[in-house]
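Novice: Before anything else, here's the structure in question.
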Amino acid sequence: MFAVIKTGGKQYNVSADDTITVMALPGEKGDAVSFDTVLMFGGEGQSTLGAPFIEGASVVGEIVEQKRGPKVISFKKRRRQNSKRKRGHRQDLTLVRITSLGAGGASPAAAAASSETPAASAPEA
């Protein structure tokens with residue numbers, strides 16, 4: 001089983017027991033986090049796409065670590081002006097281990113079966 005979730009303006013393809021690094025999330029080590037913005041859910045040859053999200057689906061994870069990314073240097077120089085500026089930035093990151101994927105009541109097979117439209121009946125006179 002896999003799911004595509006959206007968090008921090010990015011999309012992540014996850015499955016159970018995956019470890020992902022996302023933008024900083026509130027919480028301490030060991031806290032549970034839930035991602036409700038599931039874009040796609042699937043597995044075993046079947047998948048469900050959201051429009052834009054799948055209703056009731058969620059992915060649950062556990063915070064492994066709060067850390068900071070590598071230092072990125074921003075250097076600007078104006079030639080012949082004896083002017084320069086050097087700044088550094090480190091992004092706050094959260095390491096999350098995915099513990100479970102929930103389809104939200106409907107499995108991909110059930111969702112595909114329910115999306116089929118019944119044949120139109122003859123109008124009554």
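Cβ from N, Cα, C; glycine included.
Swiss-Prot feature annotations, pasted as is:
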COMPBIAS  75-89  compositional bias 'Basic residues'
COMPBIAS  106-125  compositional bias 'Low complexity'
REGION    75-94  region 'Disordered'
REGION    103-125  region 'Disordered'
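Give me the structural setting of these features: burial, nearby parts and distances.
Specialist: Using a Cβ-Cβ cut-off under 8 Å and counting only residues 6 or more beyond its ends in the same chain, the region 'Disordered' (75-94) has close neighbours at 21-25, 27, 63, 65-69.
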Novice: Count up the helix, strand and coil residues in the compositional bias 'Basic residues' (75-89) according to DSSP, in that order.
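Specialist: Its residues fall into 0 helix, 11 strand, 4 coil.
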